[in-house]
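Under the heading active site, Swiss-Prot lists Ser99, Asp228, His257, citing similarity to another entry as support. Among the features that Swiss-Prot reports, domain 'AB hydrolase-1' is placed at 26-263, with the record citing sequence analysis.
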Amino acid sequence: MPYVTVGQENSATIDIYYEDLGAGQPIVLIHGFPLNGDSWEKQVLVLLNAGYRVITYDRRGFGASSQPSSGYDYDTFAADLHTLMTKLDLQNTVLVGFSMGTGEVTRYLGKYGSERVQKAVLMAPVPPFLLKTNDNPEGVDQSVFDGIMKAIVDDRPAYFSAFFKEFFNVDVLLGERISNEAIQASWNVAAGASAKGTLDCVPSWLTDFRDDLPRIDVPTLIIHGDADRILPLESTAARLPKRIKNSQLEIIPGGPHAINWTHADQVNPLLLNFLQ
């Protein structure tokens with residue numbers, strides 16, 4: 001199993017698990033919370049068939065990567081991505097983030113620039129800024145995130161069960177675009193994640209990306225479902241085209257948060273067309 005070492009805690013190294021498949025222009029897929037690189041299954045198959053080199057990796061604390069007690073912030077997440085990009089010497093890369101993974105894409109480009117990056121894709125994005133403040137009235141009250149953290153501490157497995165119902169819009173899409181088996185598979189991955197990492201990721205969602213967005217200087221595709229209950233369109237993606245030059249927003253009608261799974265039949269053609 002391939003790993004890249006990104007740090008050390010006490011006597012143990014902090015290692016990021018990745019998969020590097022195929023040949024051609026590199027596409028780096030960055031997963032959402034609380035999943036791992038396997039959540040890109042429906043995109044990996046299509047991208048490999050289209051002749052791309054596809055790299056997935058597990059964020060620290062999740063999947064097969066190390067589960068350290070710290071580093072669950074976007075400066076560290078972006079540094080982990082930078083280490084991977086440097087080790088693999090990726091050039092002309094397309095960075096594709098889903099949900100929490102869009103934070104890595106945004107902070108990476110804001111901090112490290114686009115020397116290694118040709119294009120970017122933000123699916124169901126976290127940016128620009130989730131927290132409601134005086135200068136960000138479109139955000140969400142802090143009390144909502146406090147409630148999430150309490151639910152994780154009280155009963156993390158039960159929190160995941162409730163989370164995935166809204167993640168996939170189960171009440172509407174079960175049996176049509178999502179199966180019980182797929183939901184259970186996602187729950188299993190989430191349950192295996194770091195308890196500390198799961199909790200510490202919540203404050204990271206409140207990162208203010210507004211200064212990073214104008215620094216994105218590559219063509220950027222934004223995709224969002226108009227029925228997203230986790231990150232509503234109006235608070236997130238709808239605010240990005242004015243902040244990212246050379247960007248385009250594509251809206252998936254009826255799409256929940258997990259559009260890369262439930263609406264892969266619509267997401268994948270948009271992705272392939274943008275890559276060409």
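Cβ coordinates are placed from backbone N, Cα and C, and glycine is handled just like the others.
The C-beta environment of Asp228 (active site), restricted to residues of the same chain at least 6 apart in sequence and closer than 8 Å, consists of Ala124, Gly255, Pro256, His257, Ile259.
Within 10 Å of the C-beta of His257 (active site) we count 26 further C-beta atoms, all protein chains included. Around the Cβ of Ser99 (active site), the number of neighbouring Cβ atoms within 10 Å comes to 27.
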